[in-house]
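So that you can see what the record holds, here are the features copied from TrEMBL:
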- 1-22: region 'Disordered' (REGION)
- 31-147: domain 'MTTase N-terminal' (DOMAIN)
- 40, 76, 110: [4Fe-4S] cluster 1 binding site (BINDING)
- 171-407: domain 'Radical SAM core' (DOMAIN)
- 185, 189, 192: [4Fe-4S] cluster 2 binding site (BINDING)
- 409-473: domain 'TRAM' (DOMAIN)
Ligand code: SAH
Ligand code: SF4
Ligand code: F3S
């Protein structure tokens with residue numbers, strides 16, 4: 001399943017197989033839809049848009065693909081193993097399809113965009129291939145399949161933000177929700193497939209974003225995470241007046257002003273684009289959570305250059321210093337890639353020393369996986385042997401384990417303000433929720449508090465990922 005230990009479900013394509021269940025439908029013509037999502041939070045958020053578009057058409061969702069008329073798999077291409085997982089899952093669908101040939105199987109998302117109609121040749125059971133910017137066309141494409149043809153729409157758009165579509169909250173706890181604020185990515189990190197699968201960067205209009213946050217708050221939600229591949233380059237300009245424009249810091253402030261009881265998180269920040277203005281906005285509003293996901297990828301300047309990250313080691317360290325200066329209590333997490341093309345042992349050591357410098361609260365760590373069509377695949381040799389990549393990854397993970405422990409131990413004895421999300425996975429006798437800094441906190445249930453409320457918890461002990469405590473008097 002997609003892990004939720006950062007507010008972004010982003011960066012972890014291992015989150016998988018989460019069936020999305022839609023509670024109600026406007027008009028119910030009885031056709032059943034099953035949607036399974038893989039990849040980053042943007043994909044999960046898109047599945048909610050897909051469910052919304054199809055619920056307008058009378059579809060209802062089911063948690064069981066065996067009884068679905070339409071089975072969608074919303075896919076991720078970020079690393080090779082993300083794609084392998086999807087292909088294995090498709091094999092599992094084929095048994096169901098063999099029994100019920102009318103069942104429609106559709107591939108959505110990044111793999112659909114990457115492979116386009118090739119998917120139909122490679123995977124015979126697939127009827128429908130739809131890229132991330134073409135979901136409005138789904139009703140029409142399903143009609144085509146009903147009429148006996150296969151259907152493909154992988155057109156990318158420069159404008160589509162689905163701003164007017166009110167997502168149907170799927171598998172929701174009713175307390176935390178994602179809001180997409182932009183789509184696509186204009187950075188060309190040489191290892192990354194996202195610019196090819198998601199297209200050009202575009203920002204959604206701020207009024208629809210604030211309205212979505214307000215609607216969520218009115219419906220009882222208490223935390224929103226603003227999503228984009230590079231939220232700091234959010235930029236919206238009014239079509240009527242060039243003078244009215246909104247940047248990310250201003251958007252953050254507008255969303256924070258919805259209510260002091262609405263927590264605001266965001267992901268992902270790019271080190272080259274995060275500004276002091278954003279940091280000051282975070283410092284100014286108590287309800288903007290003090291947590292930044294700031295992927296470093298590598299601690300070595302030459303590797304950062306071949307990755308085309310457009311910052312160097314010193315620039316990144318300066319950003320960390322600015323964060324510490326402006327928001328001293330801020331938690332910082334990261335993404336790291338080991339064994340990128342031509343990475344030497346010494347350069348790998350620079351990543352370890354960067355970890356030492358920051359002592360990240362959390363990290364998502366990967367070994368490099370070459371993606372066809374990316375600048376790195378075209379220009380560089382994937383020349384670090386697999387066993388070396390893996391060994392370096394193990395070193396990075398082992399060090400992060402130490403830092404994770406260090407960071408959670410630092411919280412012991414402190415009182416954390418926790419937004420209660422529900423019962424702990426392990427026991428109905430405990431509640432769980434997140435601290436401002438995004439640590440998962442577990443503590444005994446009290447009748448005085450319900451999910452959706454804030455409570456102060458005194459932290460008594462900690463594991464490398466969880467804080468454990470009791471309600472503070
Ligand atoms: N927009 C986000 C990242 C999205 S992808 C950002 O810029 O930070 C999430 C993470 O997957 C990346 O940060 C990177 O660490 C990792 N990743 C992307 N492409 C990869 C590849 N080809 N091999 C291994 N990891 C990769
Ligand atoms: Fe990929 Fe870089 Fe864009 Fe992130 S910023 S999505 S890593 S190209
Ligand atoms: Fe997300 Fe994977 Fe696409 S990380 S943007 S679903 S390639």
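Glycine too: its Cβ is placed from the backbone N, Cα and C atoms.
TrEMBL does not curate its annotations; it predicts them automatically.
Projection of TrEMBL feature records onto the structure.
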{"residue": "40", "record": "[4Fe-4S] cluster 1 binding site", "Cβ within 10 Å": "28"}
{"residue": "76", "record": "[4Fe-4S] cluster 1 binding site", "Cβ within 10 Å": "29"}
{"residue": "110", "record": "[4Fe-4S] cluster 1 binding site", "Cβ within 10 Å": "29"}
{"residue": "185", "record": "[4Fe-4S] cluster 2 binding site", "Cβ within 10 Å": "22"}
{"residue": "189", "record": "[4Fe-4S] cluster 2 binding site", "Cβ within 10 Å": "22"}
{"residue": "192", "record": "[4Fe-4S] cluster 2 binding site", "Cβ within 10 Å": "22"}
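Restricting the binding-site residues 40, 76, 110 to those with a CA within 10 Å of the CA of residue 192 ([4Fe-4S] cluster 2 binding site) leaves an empty set.
Rounded to a whole value, the Cα-Cα separation of residue 76 ([4Fe-4S] cluster 1 binding site) and residue 189 ([4Fe-4S] cluster 2 binding site) is 17 Å.
Checking the binding-site residues 76, 110, 192 for a CB within less than 6 Å of any atom of ligand 1 leaves 192, listed in sequence order. For the domain 'TRAM' (409-473), residue counts in helix, strand and coil come to 3 helix, 35 strand, 27 coil, using DSSP. Between the CA atoms of residue 40 ([4Fe-4S] cluster 1 binding site) and residue 185 ([4Fe-4S] cluster 2 binding site) there is a gap of 14 Å.
Note on the domain 'MTTase N-terminal' (31-147): DSSP counts are 62 helix, 22 strand, 33 coil.
By the rule that a residue counts when its Cβ sits under 6 Å from some atom of ligand 3, the binding-site residues 40, 76, 110, 185, 189, 192 yield 40, 76, 110. Each residue in 187, 188, 191, 193, 194, 195, 229 lies on the same chain as 185, 189, 192 and has a C-beta within 8 Å of the C-beta centroid of that [4Fe-4S] cluster 2 site, without being one of the site residues.
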